[in-house]
């Protein structure tokens with residue numbers, strides 16, 4: 001996203017907008033540049049204008065009131081550029097707001113090319129400057145066509161990566177380039193600088209390193225494929241060593257690469273380590289990403305990486321396998337007694353990265369201690385013995401992965417206990433187990449929610465099977481019989497147990513009757 005001098009708010013517009021808000025309200029003043037739309041005027045207005053930002057609001061909404069002065073300021077600036085900011089009061093136009101699926105207030109939607117049926121949600125900062133910058137971006141073409149690329153890059157200010165095609169451009173790649181530009185309109189700036197005398201080049205200029213463009217060095221025929229282009233962008237358009245927070249986390253996940261975290265205490269400490277991590281990131285580009293994370297704001301995230309909150313720290317998360325790696329840390333006692341700040345050794349960081357990429361590093365496995373006493377027929381697994389137990393070729397092992405707070409897990413517990421009792425009292429071929437996933441890491445198991453139930457059939461080459469059925473006793477019996485290696489009929493065992501229990505109850509009743517009769521005779 002680029003901004004020119006014309007996008008900067010003028011002092012006059014700032015003063016004008018602020019003067020009309022002596023008492024702050026959600027509704028823009030009548031003499032402002034904000035257009036009021038209603039159900040009977042909305043469609044016609046959108047269809048007759050190329051670009052409109054519409055605020056769906058409620059007069060009582062506190063967030064709407066807070067944003068109102070900024071919205072008016074932005075409208076005063078953008079009206080000169082033929083960009084309209086509008087308001088729709090949802091308390092008076094409920095059907096219109098329902099039609100556009102307004103989830104809450106304020107909701108800001110961008111309508112482009114007079115299209116009333118398709119809109120883009122504005123999710124940026126609710127300040128006049130941010131709104132102006134974003135809307136000016138929306139008014140520009142998806143691809144900036146320039147004759148003098150160096151001059152263009154030097155004279156503009158960019159806050160998102162700049163994707164540039166230059167030199168001799170063929171039709172196939174050009175179509176892909178424009179398609180990607182439209183898809184990622186708000187993510188990157190796309191620039192085309194065609195010159196038939198030069199060789200084709202595809203480059204990415206990162207805002208933090210405009211003098212070091214990343215150049216695509218593969219085959220042009222490959223990158224003309226949109227999927228290949230997308231994957232290349234996901235990796236190369238990320239900064240070498242950038243700051244991570246909730247707004248950019250998804251981009252790192254989508255890259256599919258492991259993520260190295262530097263947790264830092266303050267900006268001075270960050271600057272101390274920045275050269276090292278920038279160099280590591282350049283050296284290992286395409287293999288893993290590196291980010292800094294402010295421990296003052298996101299220190300608890302260290303726990304998600306199986307690390308203690310002892311900062312600074314360095315850890316690696318292999319998100320594909322959900323494995324975590326980190327430099328050794330102090331005991332709690334040693335950390336409490338520490339008088340000097342922790343220093344991360346460059347060689348230790350480099351060594352961990354090298355070993356991780358070679359597959360030689362050992363992950364940090366979170367695990368409870370192995371339960372010495374199993375006082376239930378449901379076997380309690382932990383991270384340390386999970387693989388050993390589930391890979392036992394002499395048993396079909398059913399595992400319930402749960403969280404203690406999970407309501408569905410709690411409701412399943414009596415049924416699961418009855419399931420375990422049935423097998424435990426009749427056969428050693430089936431083991432019913434459970435694992436608290438909040439306290440134990442497991443490898444190779446995709447757990448997207450709780451409860452997750454997985455069967456590990458016995459035998460030497462059996463594949464695990466995820467249970468997808470209802471959480472009834474009969475369904476679980478059927479699942480184990482149909483997918484287990486030993487073909488154990490749980491229903492039959494259950495019926496036998498019920499019959500045996502009934503016989504024992506009858507025998508007990510007869511014995512009681514006999515004792516009563518003897519007592520009466522006496």
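Glycine is treated like the rest: Cβ placed from N, Cα and C.
Taken from Swiss-Prot, the feature signal peptide applies to 1-28.
Around the Cβ of residue 62 (site 'Contributes to redox potential value'), a 10 Å sphere holds 10 further Cβ atoms from the protein chains shown. Summarising the annotation, Swiss-Prot assigns site 'Contributes to redox potential value' to 62 (among others).
The site 'Contributes to redox potential value' feature in Swiss-Prot is assigned to 63 (among others); the stated evidence is similarity to another entry. In the three-state DSSP scheme, residue 63 (site 'Contributes to redox potential value') falls into the helix class.
Among the features that Swiss-Prot reports, N-linked glycosylation site is placed at 82 (among others). A coil conformation is recorded for residue 82 (N-linked glycosylation site) in the three-state DSSP classification, outside any helix or strand.
When secondary structure is read from DSSP and collapsed to three states, residue 117 (N-linked glycosylation site) falls in the coil class. The N-linked glycosylation site annotation in Swiss-Prot covers 117 (among others).
Sequence-distant contacts of residue 155 (N-linked glycosylation site), defined as residues of its own chain at least six apart whose C-beta falls under 8 angstroms from its C-beta, are absent. According to its DSSP assignment, residue 155 (N-linked glycosylation site) is helical. Here Swiss-Prot flags 155 (among others) as N-linked glycosylation site, drawing on sequence analysis.
For residue 174 (N-linked glycosylation site), other Cβ atoms within 10 Å of its Cβ number 15. Classification of residue 174 (N-linked glycosylation site) by DSSP places it within a helix. Marked as N-linked glycosylation site by Swiss-Prot on the basis of sequence analysis: 174 (among others).
Residue 407 (site 'Contributes to redox potential value') falls within a helix when secondary structure is assigned with DSSP. The number of other Cβ atoms within 10 Å of the Cβ belonging to residue 407 (site 'Contributes to redox potential value'), over all protein chains shown, comes to 9. The site 'Contributes to redox potential value' annotation in Swiss-Prot covers 407 (among others).
There are 13 other CB atoms within 10 A of the CB of residue 408 (site 'Contributes to redox potential value'), with all protein chains counted. What Swiss-Prot records for 408 (among others) is site 'Contributes to redox potential value', and it gives similarity to another entry as the kind of evidence.
Annotation note: residue 425 (N-linked glycosylation site) sits in a coil segment as assigned by DSSP. Annotation source Swiss-Prot lists N-linked glycosylation site at 425 (among others).
Here Swiss-Prot flags 497-522 as region 'Disordered'.
Taken from Swiss-Prot, the feature compositional bias 'Acidic residues' covers 504-522.
Within 10 Å of the C-beta of residue 425 (N-linked glycosylation site) there are 13 other C-beta atoms, taking all protein chains into account. In sequence order, 105, 106, 126 are the residues near residue 63 (site 'Contributes to redox potential value'), counting only same-chain partners six or more apart with C-beta under 8 A.
For residue 82 (N-linked glycosylation site), applying a Cβ distance below 8 Å and a minimum sequence separation of six or more within one chain yields 50, 51, 139. Here the Cβ of residue 117 (N-linked glycosylation site) has 9 other Cβ atoms within 10 Å, regardless of which shown protein chain they belong to.
When the recorded positions 174, 408, 425 are ranked by how far their Cα is from the Cα of residue 62 (site 'Contributes to redox potential value'), 408 comes first. Between the CA atoms of residue 408 (site 'Contributes to redox potential value') and residue 174 (N-linked glycosylation site) there is a gap of 52 Å.
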